[in-house]
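Structure first, then comments.
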Amino acid sequence: KGTIHLFRKSQRSLVGKLTHEFRLVAADRRSWKILLFGAINLICIGLLLMWCSSTNSIALTAYTYLTIFDLFSLVTCLISYWVMMKKPSPVYSFGFERFEVLAVFASTVLAQLGALFILKESAERFLEQPEIHTGRLLVGTFVALFFNLFTMLSIKNKPFAYVSEAASTSWLQEHVADLSRSICGIIPGLSSIFLPRMNPFVLIDIAGALALCITYMLIEINNYFAVDTASAIAIALMTFGTMYPMSVYSGKVLLQTTPPHVIGQLDKLLREVSTLDGVLEVRNEHFWTLGFGTLAGSVHVRIRRDANEQMVLAHVTNRLYTLVSTLTVQIFKDDWIRPTLSSVPIANNILNLSDHHIIPMPSLKAADHLSPATSTPAKPSSPPPEFSFNTPGKNVSPVILLNTQTKPYGLGFNHGSAPYSSVLNQGLGIPGMGAAQGFRTGFANVPSRYGTNARGQPRP
């Protein structure tokens, strides 16, 4: 019997997980070449940083950052191999393709941060320019150029190759393309070399090496040390301008946006789907980029009640699968039930009129007759007086319920259909008398005028 460990960790640590995944990648022979280039890259970076310190050249430091970017690209290539080995899991149901997108985005952003650091150091050097030693400046330039070109051309980096083609062109590529058109106009035989879109990484390596060669010659001839700072700024700007379009493209992929170049094709496919037999409506469509060259999407399709769901699903999937590799289709049949006006559940016997009592409302024409208490007709359109008590509302005419058997409190006569002349004889029509006030409070809900003037006319 073994020992019982009460507090044993159920999961491995982060270092253990990384070691396990690294062993999984290293087991593939294709990754050995990348690991070898990565080891040579580390040695080259160490030598270049030592030569940057000995020459005191910030332009060589800016060019060394391109070698560090090559190391990031090799790590991205390893991640791409790891993604191809991994299968979708319950946690990552769409697979691990977004890891290589994240690696490309992080690499390009770090390169731009290095360019900004070079710009900051160059601004400080303009105030106080140090002396530049050119002993190993040219050697470091050619070592870095050779290794960068050899790495870019020897290793097939799928993520960066796709991003460099799909992203928009940088300002350096546009200027070189204009220059290439001018050269090909003079020498047409060079059109096959210069006219195609040049690789941005190869272009920036050649341009940076050319700037360092010009710096070396100017310092050797005229001791013009400020040109080193100017070359560093030029290399930093070229680096930033080359990496920025790639960062934007990979960032849009991470934000799950729809690529602009496939929007027209998606609209065409959706129109074809809406014309299929049995399809009534296509709605709630959403398509996004899952990885480099991989589209995912979901769509809701409303069909007729008599349509075959499996047949419609097969036709919709067949149309959209040519462009969208990971697709989710929601099929639901048409619902003929119309929504009711009531927001509460309707009782079962609501339509049975015999189970309910209908209370007849009094006719509005009855209000045109004389009120039993006053001679002024009570019209429904006239608003109640402002001084009346318990007014039911401005636009609602109250219903007067007369009961001859009920007597008002505090009065010794019947309330009901007594003639108006008898009421006046008792002195109840003159305002100011206590009895009249008590009688009026008995008719608090009557929206009619009360009282008469000295001539017997109704007082307003």
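The count begins at 1 with the first shown residue.
Glycine is no exception: its Cβ is also placed from the backbone N, Cα and C atoms.
TrEMBL annotations: computationally assigned, not manually curated.
Per TrEMBL, the feature domain 'Cation efflux protein transmembrane' maps to 35-255.
Feature annotation from TrEMBL assigns region 'Disordered' to 369-390.
With a cut-off of 8 Å between Cβ atoms, the residues of this chain six or more beyond the transmembrane segment (32-51) that come close are 26, 60-61, 64, 67-68, 70-71, 74-75, 77-78, 81, 136-137, 139-140, 143-144, 147, 151, 154-155. Annotation comment: TrEMBL describes 32-51 (among others) as transmembrane segment.
Annotated transmembrane segment per TrEMBL: 63-84 (among others), in sequence order.
What TrEMBL records for 96-117 (among others) is transmembrane segment.
Residues or ranges marked as transmembrane segment by TrEMBL: 137-155 (among others).
Taken from TrEMBL, the feature transmembrane segment applies to 201-219 (among others). Away from its own ends, the transmembrane segment (201-219) comes close to residues 57, 59-60, 62-63, 66, 132, 134, 137-138, 141-142, 144-145, 148-149, 152-153, 160, 164, 172-173, 176, 225, 227-228, 231, 234-235, 238-239, 242 of its chain (Cβ-Cβ under 8 Å, at least six residues beyond either end).
Marked as transmembrane segment by TrEMBL: 225-244 (among others). Remote same-chain partners of the transmembrane segment (225-244), defined as residues 6 or more beyond its termini with a Cβ less than 8 Å from a stretch Cβ, comprise 57-59, 61-63, 65-66, 108-109, 111-112, 114-116, 118-119, 121-122, 125-126, 129-132, 170-173, 200-201, 203-204, 207-208, 211-212, 214-215, 218-219.
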The answer for the transmembrane segment (96-117), taking Cβ pairs under 8 Å and residues 6+ beyond its ends, is 62, 65-66, 68-69, 72-73, 75-76, 79-80, 82-83, 86, 88, 159-160, 163, 236-237, 239-240, 243-244, 246-247, 250-251, 253-254, 290-292, 294
Folded-back contacts onto the transmembrane segment (137-155), same chain, C-beta under 8 angstroms, at least six residues removed
33-34, 37, 40-41, 44, 47-48, 51-52, 55, 57, 60, 63-64, 66-67, 70, 73-74, 77, 199, 201-202, 205-206, 208-209, 212-213, 215-216, 219
